[in-house]
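K.L.:
Pasting a structure here, questions to come.
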Amino acid sequence: MAACVSRVELSVSCRSLLDKDLRSRSDPLCVLLQEAGGGRWAELDRTERIKNCQDPEFCKKLIVDYYFEKVQKLKFCVYDIDNKTLDLSDDDYLGGIECTLGQVVSSSVFTRPLELKQGKPAGKGTITIRAEEIKDTRVVYLEIEAQNLDKKDFLGKSDPFLEFYKQSDAGMWQFVYRSEVIKNNLNPCWKKFSVPLQTFCGGDFNKPIKVQCSDHDSDGSHDLIGAVQTTLAQMQAAGSGSPVELECIHPEKKQKKKSYKNSGIIRIKSCKIETEYSFLDYVMGGCQINFTVGIDFTGSNGDPKSPDSLHYISPDGINEYLIAIWSVGSVVQDYDTDRLFPAFGFGAQVPPCWQVSHEFALNFNPSNPYCQGIQGIVDAYRQVLPQIRLYGPTNFSPIINHVARFAAHSVQQGTAAHYYILLIITDGEITDLDQTRQAIVDASKLPMSIIIIGVGEADFKAMEFLDGDSGVLRSVTGEPTARDIVQFVPFRQFKNAPREALSQVVLAEVPKQLVSYYKWQGWPPLKLPEMK
């Protein structure tokens, strides 16, 4: 495994974007992709969407693991977003650039013209990227409200929002964070929010911070209500019923009117600093990743003896099921010290009674379904194929619930000791969709992630639905998942790609999912990282 040198935070801004909307300006969003091998690109992160803006300064920072020993090819793509789906194929492309992470980190400010395709400029559009190494894992949590803000709208009250800036060493104000807009309210109370300490003030508690309060206008021409200047040290005095109060001053009004007092009061209700742990903190702290495989042995795969079958093992000893097991398993096995992996099949008639089973051990030993290493899973798979009859239906919920029982048992320890990954490999014809939805909603409250790899040429609409990328997955009763735990990938997209490309894409979400679970529980790593 390559050692990650550090994590890098990328700030993105654009100028003079193309205007794709007829009656208003574009609503841009920037997506960051990294080359995953074989000409394929995997999405790493994306910014928020900013409405009606041709010169966006994106608030959300893009986080990348930086490997000195790898050439990390990146693609920054800017889109005009006019709908709520996460899919970008139906959105207007405003231009992009390709570069390497090395180019970005070696420039203090990296600016390039945007291109619609190679050699074709996207009008006068440019993109600017600033890189900053994340050395500090602390996070600032803030609760802020305001009182008696100036009224800026002719027919209603103001629609206030906050913008935070830190002062750079050169004295320039650098954009840090933008709050949500609160409509028609001169005494707003914004939602609690968090900003990494590094982003907020570079770890310097006395660095000047400027907070601007503005009235939001849908056409992008926001009006300044007023601003305050403070430091994190000053804000930290807030808490337990005694907020820090700062006068919001409009500089022009102050200059013109002698009787001018302020344009409202900004009140810092709470300012707390907490440590945010990374995936590596948990793994290096002793968290074991428990890997389980579920293999689809339903009739729709075809007779394993026929070369048309998805379970047919070719003369060189492989098929899509085996490639998927090797690709994902070879990465995950490094995180499990005993390298004993339970492996199950579902949807087949099994001896001796030939009843259909939806969770049978590949080694036919239900009390000890563990295989030694990934090779052990491969050997068990090859041995079981001639001994079973492919049948049906395709039920996912029994095997999800099986792994969930182990995950639920580990939760009772109340520590970040075990995390479970279930890999399901299937040809896509799912039968128990409603029960599977419920099983995923239940599993989302446990230390568990589910990876589904679809083999063959079937329509995988049901799998894409379970992935939840087009919206939050809900059970039949309407209960939403507590967090996103399912990642679906069709194998056919990786047929001609290097083997590591599949594992990079399907495992990309797991570190975030693991961290999100332990953060939700408030559990630190078993062994806390040493502060550098």
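Yeah, the Cβs are placed from backbone N, Cα and C, and that goes for glycine too.
Relevant sequence annotations retrieved from TrEMBL are reproduced here:
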type   : residues : note
DOMAIN : 1-114    : domain 'C2'
DOMAIN : 121-246  : domain 'C2'
DOMAIN : 290-510  : domain 'VWFA'
K.L.:
Which whole-number mean pLDDT does the model give the domain 'VWFA' (290-510)?
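P.N.:
The average pLDDT of the model in the domain 'VWFA' (290-510) works out to 92.
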K.L.:
What is the number of residues in the domain 'C2' (121-246) that are helix, strand and coil, as DSSP sees it?
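P.N.:
The counts are 9 helix, 63 strand, 54 coil.
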K.L.:
By DSSP, how many residues in the domain 'C2' (1-114) are helix, how many strand, and how many coil?
P.N.:
5 helix, 55 strand, 54 coil
